[in-house]
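Pulled from TrEMBL, these are the features on record:
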- 22-162: domain 'Peptidase S54 rhomboid' (DOMAIN)
- 21-43: transmembrane segment (TRANSMEM)
- 49-75: transmembrane segment (TRANSMEM)
- 111-131: transmembrane segment (TRANSMEM)
């Protein structure tokens, strides 16, 4: 299983499998703590992003952010010559966090272990982007800072421009899908008059 994990579930631009890990690496984690931290942040922001975008659009943004953040990570690794594998949902989760913070910049947030200190979502987003920019520029290896930045910038772009450019053009298709699903559910032996 270790060979399959490293080949398909970790992103590395020097790997023989380049495309599938761009998506699959967002579903793998280094440790239980890594997964728990990512899932806590996703859980914290998921209701806000789903209420902003809806379920289908959220899934499209989340999966797209995973691929885009991994691509940004690939570019940074190629530019710096550091070909170490990375994995985790952090890039996609950063897109969700950035999208919510962009749409609701005045929302109050707190750190789980320090609930007495609150700050605005807009301030948190600026601090996160500054931290990851410094990490990328200074070569810190604590996180995949390029993937975090790629995800955050994609999230900001999407809620600012992407929704209008991309999703609005697909809205008729989504409405047709909902109508088809509703008709099929009604025929399947549900209610009778």
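Backbone N, Cα and C define each Cβ position, glycine as well.
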Write out how many residues of the domain 'Peptidase S54 rhomboid' (22-162) are helix, how many strand and how many coil, based on DSSP.
104 helix, 12 strand, 25 coil
Need one number: mean pLDDT over the domain 'Peptidase S54 rhomboid' (22-162).
90
